[in-house]
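**Student:** After the structure tokens below, expect a handful of questions from me.
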Amino acid sequence: MAKISCSYLLILMLALSVFSVVEKAKGDKRCSIIIDLSPCYPIECRLSCITERNGDGECVVSKVGSTPNCLCTYDC
């Protein structure tokens, strides 16, 4: 009897965790845009992204050897 109830409890917890992850993923709509800052300085990138889109900016390199670009990620 204890094994059956323990199994049901485990399945219930698994199902609840899956539904909570799905709901969280639906609510977080994030968009990204490249801000033209050449060269990209992390502080300027963050400030520009905050003022323009109220988002998070970071310098990223799209290809090896290329100059970094400012990638701004914000709520859509």
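Each residue, glycine too, has its Cβ placed from N, Cα and C.
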**Student:** Please work out, from what Swiss-Prot records, which of Cys31, Cys49, Cys59 forms the disulfide with Cys40.
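**Tutor:** It is Cys59, per the disulfide annotation in Swiss-Prot.
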**Student:** Please work out, from what Swiss-Prot records, which of Cys70, Cys72 forms the disulfide with Cys45.
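**Tutor:** Swiss-Prot annotates a disulfide bond between Cys45 and Cys70.
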**Student:** Could you state the whole-number distance in Å separating the C-alpha atoms of Cys31 (disulfide bond) and Cys40 (disulfide bond)?
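**Tutor:** Cα-Cα distance, Cys31 (disulfide bond) to Cys40 (disulfide bond): 20 Å.
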**Student:** When the number of other CB atoms within 10 A of each residue's CB is tallied over all shown chains, which of the disulfide-bonded residues Cys59, Cys72 has the maximum?
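**Tutor:** Result of the Cβ crowding comparison: Cys72.
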**Student:** If you measure from the C-alpha of Cys45 (disulfide bond), which of the disulfide-bonded residues Cys59, Cys72, Cys76 fall inside 10 Å?
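**Tutor:** Passing the 10 Å Cα cut: Cys59, Cys72.
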